[in-house]
2 protein chains.
Amino acid sequence: MAQGSTTSQARLERLSQALGSGTFADVRRMLNGLPAADVAHLLESSPPKFRHILWQMVEQEDEGDVINELGDELRLHFLSDMNAAEVAQITEHLQDDDLVDILQQLPDRVTREVLDSMDHRDRARLEQVMTYPDDTAGGLMSTDTITIRPPLTFDVVLRYLRRHAEIPPMTDNLIVVNRNDQFIGLLPLNTLLVSDPSSTVRERMITDIPPIPADMPDDEVARLFERNDWVSAPVVDQQGRLLGRITIDDVVDVIREDADHSLTSMAGLAEDLDTFAPVFYTASRRALWLGINLLTAFLAASVINLFQDTIEKVVALAVLMPIVASMGGIAGTQTLTVMVRGMALGHVGKHNESWLINRELAVGLLNGILWAAVVAVAASLWFDDWNIGLIIAAAMIISLLAAALTGATLPLLLKRMKIDPALAGGVVLTVTDVVGFLSFLGLATWFYV
Amino acid sequence: MAQGSTTSQARLERLSQALGSGTFADVRRMLNGLPAADVAHLLESSPPKFRHILWQMVEQEDEGDVINELGDELRLHFLSDMNAAEVAQITEHLQDDDLVDILQQLPDRVTREVLDSMDHRDRARLEQVMTYPDDTAGGLMSTDTITIRPPLTFDVVLRYLRRHAEIPPMTDNLIVVNRNDQFIGLLPLNTLLVSDPSSTVRERMITDIPPIPADMPDDEVARLFERNDWVSAPVVDQQGRLLGRITIDDVVDVIREDADHSLTSMAGLAEDLDTFAPVFYTASRRALWLGINLLTAFLAASVINLFQDTIEKVVALAVLMPIVASMGGIAGTQTLTVMVRGMALGHVGKHNESWLINRELAVGLLNGILWAAVVAVAASLWFDDWNIGLIIAAAMIISLLAAALTGATLPLLLKRMKIDPALAGGVVLTVTDVVGFLSFLGLATWFYV
């Protein structure tokens, strides 16, 4: 990772230089002919000032494709400057699933206007796709499928395909349906190509791959694609009728977003965030998480406040107390990361939760004992007082056990309450702070006062 | 995310119950017929005790496929129990790129033995693939390609394909080469299917997609696949000769691993870690990061130690000082996460680094001022002393600026030194602790003493 892309990086540097020096004709020339995804990447890699210059240079006919490739935040930013007619015009040629993603980001009024501007058949099809939430199989699917019937011979299928000007991208299977449009099986194009033209669809179709129900969550769809190495898969309704198909390019986006989500949520950041968002926007998005942390920090401070007398007597306690809290925080974050990641990968379920919690407690105890011993010796020598060494050792073991328990159980609890487990980060740090200060200063008070 | 897979989760529960109750015949029956990827997922989701029972129930002919689907840690665990002959036997039918991944995890001696047991042609091909590092295009590719020459008509190509029993999975293009085996272009199977059989390859092949050089880093390959929605892509050597091709299933693994890497590294955990690793192994893997943190915590403590006299005079300082450090830590982690993520996505380069650093400083200043004001009022009221409010406010602004500066510049610096930027987490927290304590206690000393 993070090795950077030499070719696209070099292109970025050149474009940025041209932008900086104001030679806009060069920029326009470089921009033309780039694939939409590259233009989107350029926009995402540019500070706001250059973004608007770049965006104005995008040919209007390419705007829809570029918008489609942008992350959510930046996409919304450009869309909010457009009226319904403009949105309708630039998104005309997009696939259903992509268009629906865009429409779902717009205010209801604009979405309505865009839909109203379409012809009846397009609108009906889109409205059907829009009934499925964004994060389900139905929200991921497009409706451009090629279907065939079982009695056909391959010769007929081949002639039928030749009547198409082109086959939809990422078509690796033709979908076999009955006369009620219900899914029966798949005919891989590869089978069609290597088989005798007199074979029939019925003889060679695959029927042991179950189709995807439209209400399956998107992370489950992604796991099925990953495990079975699919390029595309059919989507059906509850009656088994074919609704559309999902292709691997959209699944890759789901995988990328899910992984991104764990990383950003643990730092209290929005997922799919814009790296180059402007100052005020960024500051306001981050302020809330800092504010929550401030409340919890005051909670920790009020614990210390209980022990003012003890600290006045033994100032060394004030020196050492952050060590206990810090070690608890690191251990808690490690446990939490393992849990959040394991849950996102689908490794963690009811049947293995208690094993995991016990494992984390055992790991916390072992590392607690190990580093408590080190800290005890270091603190005793530093302050020439073996009592303080014993006190900090005991506090550290308690703290690491509390870190393990909170880090392991809290995300499970949040998941059961249908709250994002990755948000547990702030609470885990608070618990480790509070337990760290309470155990260390409490033991010291019991001993010294 | 984290909604869990109902079907596979239900299967896991049933299997786990059967394992727990010792009805191994049921387990074996359930296990048989599952795809290798599902068996691998089951193994990864099981505590160690059940893993070994499950692994013994896997049919020997399936072991290679299951090993291939496992994460690095668990794969190595099972492989280390096998001798070279066993490895050679179970991996016989795997694709080159998968086999090479496995061989590269084994001790050199075992790898040598496995290679020696192969026939000459297989060995030569594998040794070629093994010359490319694991994290380059060459390390990702497999050598099973179907190549054609430009003068052929589609009729001839179709007949040529029918001579194959099957076409390699994920073949969406035939690769067009000249008589020196150099890459010329691609012929999509879709084009072949919709075109007149009398067309020639030369007329309809695509020549504007550049092939992938074998030494391209794997994250750059992943970005190309994502941006261009490829299913497969040809790999060439420096002379443009075709070496093999990369398929989307292996690219998805790269994307998953890269995203996983940012998440786990920031918590000081190994990437591709085993969720259910046993206690001692887990404890020892995490101990190092805790030990490093302990050293830095002592550094922060020694800063506090400088101000013992001040704390003795004003104990309220000991109560409030964790607030400054904690806010700095949160702000620093937010900045660091944005940077590490932006770098992994290829958004950050020389031309926009300074903009980002300035943006982070401005955000730090704004949020610093905002929360400093809140803290100032709260602290002043709490301790009935407006001076302490002003002191903590100033310290908080300094602390958030330091957090922004370290969080933004350190990952860039590490990247230039070819060190993983995600490892900056520990250092950022140390800097914010040290700066927080130093500014708060330093200002207080200057004022009160």
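Just so you know, glycine gets a Cβ as well, placed from its N, Cα and C.
Bear in mind that TrEMBL entries carry predicted annotations, made automatically and left uncurated.
A quick note: this is a predicted structure, and the numbers were derived from the prediction, not measured.
Annotation source TrEMBL lists domain 'CBS' at B:205-263. Counting residues per DSSP class in helix, strand and coil order gives 27 helix, 16 strand, 16 coil for the domain 'CBS' (B:205-263).
Positions annotated as transmembrane segment by TrEMBL: B:287-308 (among others).
Within its own chain, the transmembrane segment (B:314-340) is flanked in space by residues 262, 266, 300, 304, 307, 348, 356, 360, 363-364, 367, 371, 375, 379, 383, 385, 388, 392, 395-396, 399-400, 402-404, 406-408, 410-412, 421-422, 424-425, 428-429, 431-433, 435-437, 439-441, 444, 448, which lie at least six positions past its ends and keep a Cβ under 8 Å from the stretch. The feature transmembrane segment is assigned by TrEMBL to B:314-340 (among others).
Among the features that TrEMBL reports, transmembrane segment is placed at B:361-382 (among others).
TrEMBL lists B:388-414 (among others) with the feature transmembrane segment.
The transmembrane segment annotation in TrEMBL covers B:426-448 (among others). Long-range contacts of the transmembrane segment (B:426-448) within the same chain, counting only residues at least 6 positions beyond its ends with a Cβ under 8 Å from a Cβ of the stretch, are 268, 289, 292-293, 296-297, 299-300, 303-304, 306-307, 309-311, 313-314, 317, 320-321, 324-325, 327-329, 331-333, 335-336, 387-388, 391-392, 394-395, 398-399, 402-403, 406-407, 410.
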Close approaches to the transmembrane segment (B:361-382) from elsewhere in its chain (Cβ under 8 angstroms; 6 or more beyond its ends):
320, 323, 327, 331, 335, 388-390, 392-394, 396-401, 403-405, 408
